[in-house]
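First the structure, in the form of structure tokens, and then the observations on it.
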Amino acid sequence: MSNQPDRIIIFDTTLRDGEQSPGASLTVEEKLTIARSLARLGVDIIEAGFPYASPGDFEAVQKIAQTVGTEDGPRICGLARATQKDIQTAAEAVKPAAKGRIHTFLATSDIHLQYKLKKTRQEVLAIVPDMVAYAKSLVDDVEFSPEDAGRSDPEFLYQVLERAIAAGATTINIPDTVGYTTPSEFGALIGGIKQNVPNIDQAIISVHGHNDLGLAVANFLEAVKNGARQLECTINGIGERAGNAALEELVMALHVRRQYFNPFLGRPPESTEPLTNINTKEIYRTSRLVSQLTGMMVQPNKAIVGKNAFAHESGIHQDGVLKNKLTYEIMDAESIGLTHNQIVLGKLSGRNAFRTRLKELGFELSDTEINNAFLRFKEVADKKKEITDWDLAAIVNDEMQQAPELFRLELVQVSCGDHACPTATVTLRTPDGQELTDAAIGTGPVDAVYKAINRVVQVPNELIEFSVKSVTAGIDAMGEVTIRLRYEDKIYSGYAANTDIITASARAYISALNRLYGSIQDQSATEVTKSEVAAI
């Protein structure tokens, strides 16, 4: 009996593998926000974390399972090494979900067996079915990954996969652990598994790959042609080292070129049925959300979601696009949710108009969140004559995506000029409720502000990234500031938007410091190293 779907299953691992990007650490609430966005996007499976790694990871997976893992929502997955403790913890974390999955893994390449696991092939052949069967006794849906499959002996790999499926694995995931394979090699690997594992039709073939050579998306598309039906990917392609296969690139490649891919899924070439369940109009907003919460900027020339993806500077190209978009565009910007930047509200607009427009833009906010965002909107509308959709998105993102306010910025004031020494005065409310004021001089106004804040907060850190960009055109445009701080080999991000760049810079810095300070407070929590799962 075949277990193969006639569409592609999208398995999102932004909250697990994506979070392993340096500096992409997220709070539980931020993970929940992203999970809700992924559910709106229409992903089939959310790998919400590695529950055994830390109490924070366990809490995040459990909360996502409770809140997002509804009957009509995505399947919620927890990662686990092939040990009983890991598997039991993962099962407990995903238990609240209507549809839960355990994803367990064990390396199969000789180099991993010899140097990391220190186990023989026979031992691995015994461990895999035992642990898969144990996972199956706790949940109905089990996925197994042979780590470093690309460098494993094919005959041994086939044996491992056959035993995993016989023990109850419903999905077999093939990882390109170090992003080494080429498309033809990866396609042949999947084709070999399809032909040589006797019970492979009882499981779905999944692929997971890293982008070290920039080939992850190409490898996955070749895998689809050879029988893969689940793609493990991340928003914006974030992940360990050079990242993972980018969800938006895979989905839009399958969407735009579905006539090419249809026959590989047993469909007539002319079929217009979508190949995935993804609501493509949610792609851009989800990309922005992940970028802002992780502090990882999207490069301007990034396919699909980059700032320049639908921009045409060449006069010949501009002329062609104006006459007919299809001359130089293979997809419509609106198909990924990139709307025209229309003017929608002004300072006389009321709360109902504000709420209605946010709902039209896809924001689902509580009454408290609406009230907070409306106050910010009024503040901006007093300074800026016309408020556009992009302004609204920046306002909501700024208000909703701040870290818990341990320190609160009450006042920032700067003095600078051609022949003046830049000076800043700041007032902060501390976690214990005190209001402290201090001042500092710097090489520029932002430097002076940050030095003044540091005198109050007194948490040593290194500013490693500072970026500013305008939300819209015009001299009165809002500016977005994204920063990243390093403290003891960990990186913390901050984001803020304001018509005043100095204020936005101060708020972004406080946001990052609040994450840093909160992390220091939580350092007593025991955490298992994630290095073993970094490449899965």
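From the backbone N, Cα and C atoms, a Cβ is placed for every residue, glycine too.
Per Swiss-Prot, the feature Mn(2+) binding site maps to ASP17, HIS208, HIS210, ASN244; the stated evidence is sequence analysis. Following the DSSP three-state reduction, the secondary structure of ASP17 (Mn(2+) binding site) is coil.
As annotated by Swiss-Prot, domain 'Pyruvate carboxyltransferase' applies to 8-269, with the evidence given as sequence analysis.
Broken down with DSSP, the region 'Regulatory domain' (408-536) shows 37 helix, 54 strand, 38 coil. Taken from Swiss-Prot, the feature region 'Regulatory domain' covers 408-536, and the record attributes it to sequence analysis.
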Report task. Find, among the binding-site residues listed as HIS208, HIS210, the one whose Cβ has the highest number of other Cβ atoms within 10 Å in the structure shown. Result -> HIS208
Query raised in the report: So what sits near ASN244 (Mn(2+) binding site) in its own chain, CB-to-CB under 8 Å and at least six residues off in sequence?
Result: THR13, ASP17, GLY18, HIS208, GLY209, HIS210, ASN211, ALA216, GLU232, CYS233, THR234, GLY237, ILE238
